[in-house]
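Following: one structure in structure tokens, then a few remarks.
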Amino acid sequence: MINAKDRLIVALDYPTLEDAKGLVETLGDAVSVYKVGLEMFLNSKGEAVNYLNGLGKKIFLDLKFHDIPNTTTMASIFAAKQDVFMFNVHAGGGRTMMKSVAERVKEISPETMAIAVTVLTSFSEEEVSEHFATELNIKELAMHWAKATKESGMDGVVCSPWEAASIKEVCGESFKTICPGVRPQWAAANDQKRIMTPKKAIESGCDFLVVGRPITKAENPVEAANLVMAEIQEALA
Ligand SMILES: O=C(O)c1cc(=O)[nH]c(=O)n1[C@@H]1O[C@H](COP(=O)(O)O)[C@@H](O)[C@H]1O
């Protein structure tokens, strides 16, 4: 049976490593994959990665590199050497950059997944059309970038659950979709605009669900994580 635990990535968005340790200890064996983002990586001076590796947890290093090819590739080499199972760049950085990243990471650490962020889940249709000055809607833009990501040799994309099914159609089943913007019905949307419940997200083709505040800010994080996993399991059954 496919394990719901392997599909849930809990975002450790905290200002101190002590806060993160508190949650990881509380969740114990309930969660096996964590995301270390900019806030945690910078505030812990990278120590969060060593801490989680020491516990045998899987890590998504979410530093969203977006720069010229050489700079991004050098940063990606660093990421690939951190013993993380996944890290990301921005697809907006372009094909030359993504090709260079994919090639170098495959040489250094073939098992590390290099993925690219498409359209951030905090964007609405109106904001995207105004900010990117495009006539494409979010799904079209996300698919356009996902195709470029796939053709560059990368392993998958970060997208909202609303785009996952179309991206799988265009890029194939083995191309991974990593989806934040996941909200059980009982959770607040916060700053996320394109949200979906965990059950529907899995049914819509998301390979991994990234969930932060519904678990990290819950009164009972273990119960919240178990509720999310129960929804994932229901969708997988
Ligand atoms: O790359 C990401 O992980 C990411 C991309 C995106 O489009 N939207 C998005 O929310 N994220 C991250 O996913 C997490 C979502 O957290 P919550 O909104 O608290 O569930 C945050 O750590 C974001 O940095």
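Glycine residues also receive a Cβ, built from the backbone N, Cα and C atoms like all the rest.
As written in TrEMBL, here are the features:
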{"type": "ACT_SITE", "residues": "D62", "note": "active site, for OMPdecase activity"}
{"type": "ACT_SITE", "residues": "K64", "note": "active site, for OMPdecase activity"}
{"type": "ACT_SITE", "residues": "K64", "note": "active site, proton donor"}
{"type": "ACT_SITE", "residues": "D67", "note": "active site, for OMPdecase activity"}
{"type": "BINDING", "residues": "D13, K35, 62-71, T121, R183, Q192, 212-213", "note": "substrate binding site"}
{"type": "DOMAIN", "residues": "7-228", "note": "domain 'Orotidine 5'-phosphate decarboxylase'"}
Quick check on the recorded positions D13, L63, K64, H66, T121: which one has the highest count of other Cβ atoms within 10 Å of its Cβ?
T121
The one of P69, G212 whose CB sees the fewest other CB atoms within 10 Å, among these binding-site residues
P69
Listed in sequence order, the recorded positions from L63, H66, D67, P69 whose CB sits under 6 Å from ligand 1 are none
Three states by DSSP: which one describes P69 (substrate binding site)?
helix
Note down the number of other Cβ atoms within 10 Å of the Cβ of D62 (active site, for OMPdecase activity), including every protein chain shown.
27
Measuring CA to CA, name the entry from the binding-site residues D13, P69, T121, G212 that ends up nearest D62 (active site, for OMPdecase activity).
D13
For D67 (active site, for OMPdecase activity), write down the residues of its own chain that are at least 6 apart in sequence and whose Cβ falls under 8 Å from its Cβ; none is a fine answer.
A75, G93, M97
Rounded Cα separation (Å) that holds between T121 (substrate binding site) and K64 (active site, for OMPdecase activity):
14
Per DSSP (three-state), D13 (substrate binding site) is coil
